[in-house]
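Per TrEMBL, these features apply:
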- 65-98: repeat 'TPR' (REPEAT)
- 149-182: repeat 'TPR' (REPEAT)
- 233-266: repeat 'TPR' (REPEAT)
- 275-308: repeat 'TPR' (REPEAT)
- 317-350: repeat 'TPR' (REPEAT)
């Protein structure tokens, strides 16, 4: 970084502040800050680069579009989607003025804008942009290119989020046909699309077909990524929740246990996904009447939640409530009272809703009915 800064000073002294080489150096420094997640400094240098570039090259130049898109990428990573969209749209305006209409950079920017519209729930706009991308790609790449499959998968994703499962399935199946023809049956992209198809089938209530799709995806991903990869845990989770929705608790438990094993290896012990899986397993044990096993998993979840969010968090309050329910069903009124009280204290401290407090209140009421000796305290 020091060398870049030194070279920037020398370049500015020699060429002035409004030169193309100065703009390039400023962009290089911005990229280093960007890679370090130093977003404020990155924006500062990208903006300086943009001003220098416009002074040297004019407003309509491919390098100006490139800088605008980098600013858009940075804001997107920050989660500032409004600022990202503004930058991407400015970049697209420049690209449309200086590049051929089917240029790959235009496709990238259209995809970036569509991605934001999808996040904002503007599904019609996202689909319109992605279909425009698809037309350009079909014109320039032919109809069987892997990039076409990627765009079809993106279209499927928008339809899925929109709740239009028939259209989503159609787009995913078209993507899958291209991927199998062009990449082979065991390609990782095939595995990802099989997972997406499984999710659609699950939403349509076609559990057996969903399981078949998920398990084919699992086979491919385990082969390509290894059995202990984060993406493998996601597929295992989808299989587990499908069995759970079918009411097959034994199979659900088996797969949730495997999810937990992989997550601990891939993500570490103290990860929010580990917490979620512990809750699922705890709830299954609770359903089966295995209260000690359920308690063990809820307690472990609480311990991790406390590490992640602190002792006074909504997550901790909800888990305490579950632990209290277990104590109540075990007949341990004193312990139930203790954890319900702690849950209530956290909810009140956080200023949470009447609905949340009423749940704990109902638990106190249940406690007083089952154990009248606690009624005065409750």
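Cβ from N, Cα, C; glycine included.
Across all of the repeat 'TPR' (65-98), the predicted model scores a mean pLDDT of 97. Taking H, G and I as helix, E and B as strand and the rest as coil, DSSP gives the repeat 'TPR' (233-266) the counts 32 helix, 0 strand, 2 coil. Here the repeat 'TPR' (317-350) has, by DSSP, the following mix of helix, strand and coil residues: 32 helix, 0 strand, 2 coil.
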